[in-house]
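Trainee: Structure incoming, see below.
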Amino acid sequence: EQCGRQAGGALCPGGLCCSQYGWCANTPEYCGSGCQSQCDGGVGGEGGCVDLGSIISRSTFEEMLKHRNNAACPAKGFYTYDAFISAAKAFPAFGTTGDVDTCKREIAAFFGQTSHATTGGWPTAPDGPYAWGYCHKEELNQASSYCSPSPAYPCAPGKKYYGRGPIQLSWNYNYGQCGQALGLDLLNNPDLVATDRVISFKAAIWFWMTPQFPKPSCHDVITGQWSPTGHDISAGRAPGYGVITNIINGGLECGSGWDARVEDRIGFYKRYCDMFGVGYGSNLDCYNQTPFGLG
């Protein structure tokens, strides 16, 4: 016997169910009638992946973002595995929803999009253009204040809300909402997203996890929890990685045919899916999708 009263109350590894007879597995015979402990089989309320560290190891993180600490990268030394794992704990469903392949695909998609946003790569870069994600932590062009008049999220005097962090969080209304969710005053302190490495990752994961009408969350799309409406279908928005690009930057990149930025997002995503050994899914681009909010 491996678990339960037959084994001194031991729990099964990996969140598996302990059957009435003291054996570990996650099938109905073990998790059903008589099950002694962990009777959701590791699926739990959030999904089939026990913890994020089992989906993306430190060594995988380092290989995915292998040139982020290059001397030429402005963000060198900023983005760390520990900061990522720490930030993700504030969002228990992130990277842990669905079966293991779904969890891996979500992490590949998150890093695919954020690597594009922070890339330092170029077509002939060492190890290819998709090994240079997370080279930047702030938008290169900081001339714009990204301030949209908002009574709910007023711009602070002298502050700019240009892109910062992995997702390049932009605009006062995003800083305001994100700050509320994280318990931080990001309207007055937007630089925290580029100076505190845990807050930086938290802001990116917050954006990923949070729907903003009429857009679903990136998380719900990649985990298969988003069902397009008839309106979405007529606008070409079908489930897949392409809809996530539409959520993030559809107004500039989607619905107008081929776009190098979209291809770059796809290139990172495919590299990471290949590293995780998972399929890409369908509908990777957004070339025939109307941007959200425009139809």
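Every residue, even glycine, has its Cβ placed from backbone N, Cα and C.
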Trainee: Cys135, Cys147: which one closes the disulfide with Cys155 in Swiss-Prot?
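Mentor: Disulfide mapping in Swiss-Prot sends Cys155 to Cys147.
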Trainee: So Cys18 is in a disulfide according to Swiss-Prot. Which of these is its partner: Cys3, Cys31?
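Mentor: Swiss-Prot says the disulfide from Cys18 goes to Cys3.
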Trainee: Which of these links to Cys24 by a disulfide bond in Swiss-Prot: Cys12, Cys35, Cys39?
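Mentor: Swiss-Prot says the disulfide from Cys24 goes to Cys12.
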Trainee: Since the record lists Cys3, Cys135, Cys286 as disulfide-bonded residues, which of them has the fewest other Cβ atoms within 10 Å of its Cβ?
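Mentor: It is Cys135 that, of the disulfide-bonded residues Cys3, Cys135, Cys286, has the fewest other Cβ atoms within 10 Å.
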Trainee: Would you mind listing, in sequence order, the residues at least six apart from Cys35 (disulfide bond) in the same chain with a Cβ closer than 8 Å to its Cβ?
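Mentor: Listed in sequence order: Cys17, Cys18, Ser19, Gln20.
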